[in-house]
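Q: Before I ask anything, here is the structure I am working with.
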Amino acid sequence: MAAEEGAMSPTRMLAEGHLRVATGGGAPADGGIAVRHLPHHHPAKKDGVGGKTEQDNHEDVDSLPSQELKKLANGNNKVPGTLDDYKRLVVPIVEEYFSTGDVELAASELKGLGSDQFQHYFVKKLISMAMDRHDKEKEMSSVLLSSLYADLLSSYMISEGFMMLLESVEDLTVDIPDAVDVLAVFIARAVVDEILPPVFLARARALLPEFSKGIQVLQVVEKSYLSAPHHAELVERKWGGSTYFTVEEAKKRIQGILREYIESGDIDEAFRCIRELSLPFFHHEVVKRALTLGMENISSQPLILKLLKEAAAGCLISSNQISKGFSRLAESVDDLSLDIPSAKDLFDKLVSTAISEGWLDSSFSKSAAPEEEMQNTSAEKVKRFKEESGHIIHEYFLSDDVPELIRSLEELSAPEYNPIFLKKLVTLAMDRKNREKEMASVLLSSLSLELFSTDDITKGFIMLLQSAEDTALDIVDAPSELALFLARAVIDEVLIPLNLDEISSKLRPNSSGSQTVQMARALLSARHSGERILRCWGGGTGWAVEDAKDKITKLLEEYNTGGDLGEACRCIRDLGMPFFNHEVVKKALVMAMEKQNDAGILALLQECFGEGLVTINQMTKGFARVKEGMDDLILDIPNAQEKFEAYVELATGRSWLLPTFTSVP
């Protein structure tokens, strides 16, 4: 098995689904961070392209599964039959784009090839050719990738193309001495432009040889670019491609364009002005402000709807930007209601019209936030609950006292707001250090045993994921952090994998939240995912689950033989897996039944509980797991049920178990 995996290249792993990278499609930050103004390009004479950048290895062909090649080869005549055919057709497209700077023409020609499965090679070819040219072509390449993203190039293809480049850095440096730094800028730029997720860096590092130049590239990306102060501006200006104006200035220009359109009714002029902004990633602001104007001035609605409908039909504003604009307005509709009392009804009608006319995805209406279910209750009560929750969570981060937090939460007497508490907990933890993130996951596991239902937890995560794009404005790596929290919840058995499908069904397709769920699935499907996710914030030892079970069995057997309570507790503590202590409880109870050593084993559990080594939540979970497996236990231990009932009675008397635990009938 090891040999087979060693022979599989990272690109092959990407192609065959061993590594799927989800990409956040977040908007530019809404304040203080500059928006990139895509430049107008002018014809320039073509430069030569150096050696390796024009002659790619045969490993590129190997990166595609044979069945995909056959499928493409047997398709219609417009599709290149082989990757070699595709290579020959792509080079002139890139050359022509460098000459004309015409994004629409390049997109049209690439779409005309129809060979979607080869598009990762287009990404590689475009960048490798630009690396051997001037800053102008480098800037043009980044602009083109950003323009093609989502509508023509999938996040998977972009990620795979960059992975191929990282694998071939050694060859690129033969003709491009500064290839490491240039490729680092391209990757940093892709992250800043939000067409490549930050988590790509970690995943690529895991697939590349330890001392390869590809690893050097990733180190330069992180240390020299993405971690630098004002790194977005630094990266965007690297090749001199930005004319730069601030978000506020962009908003004012958009507002002016829309007001002028409402006054004149000249839709062609409005389209021309929107194009001249050259801010395709900020078009959601056009949608949001247009809808807001339509709600403020009912008589302007027909013009507004016509503008957005034709902008969508003409691909001036992409479907993703349309959806994002509606989403942003949905989030602020309560505030709008202060100035426009009928804002909610007006917005619902706009959504209905857009869906019926076909320029807003019908799934948008299904993605109403769970918080809307609570709108019948007092807004003031919700506000107070959020404030109290914040105080409770901050106190927990200081004290690390789970039982005290549970008591405080019970005193609030608002179980209907449990999803809001979960959202608040994870959001506050994401903006803190690993210690608090670990504590948040521990608490979530504890709450799932006593106070929170699976439905509460599912709704809480849906809330988090539906606001993921806004969270990312304040927390740069929010998507990857949320993916870890979601994956950790599955590992801790707070959620089951099927819950991810339920969560995903409530999110808009291709939204940042939906892609975060994909990230979580990718984390869970990786080899040894359990121990890796457990230790993501320093909470686990990184052992495989089976190894941990073996160690627990051995320490219990050693205790059963020697009877040294202190040594047994030390060994449990040294495991460093507090979230797996329910396994200690389970195995201890089963051993007590098998070895007829009730007194000794129960004394160990009492010691662990008294020291706080095994929490009440882990103790309850351990007893619950024994209860669940009782039918199998009876086959080997005929009196298992009677013994277990006695253990439950003793545990209840000593307050080891949560009140919610019920004994076997």
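Numbers here mean position along the shown chain, with the first residue as 1.
The backbone N, Cα and C atoms fix where each Cβ goes, and this holds for glycine too.
Straight out of TrEMBL:
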| type | residues | note |
| --- | --- | --- |
| REGION | 39-66 | region 'Disordered' |
| COMPBIAS | 45-61 | compositional bias 'Basic and acidic residues' |
| DOMAIN | 85-206 | domain 'MI' |
| DOMAIN | 249-370 | domain 'MI' |
| DOMAIN | 384-505 | domain 'MI' |
| DOMAIN | 547-665 | domain 'MI' |
Q: Express the predicted model's confidence over the domain 'MI' (85-206) as a mean pLDDT, rounded to an integer.
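A: The predicted confidence over the domain 'MI' (85-206), as a mean pLDDT, is 87.
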Q: Mind checking how the domain 'MI' (249-370) divides into helix, strand and coil residues in DSSP?
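A: Residue counts for the domain 'MI' (249-370) by secondary structure: 102 helix, 0 strand, 20 coil.
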Q: Taking helix as H, G and I and strand as E and B in DSSP, count the residues of the domain 'MI' (547-665) in helix, strand and coil.
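A: With helix first, then strand, then coil, the domain 'MI' (547-665) has 93 helix, 0 strand, 26 coil.
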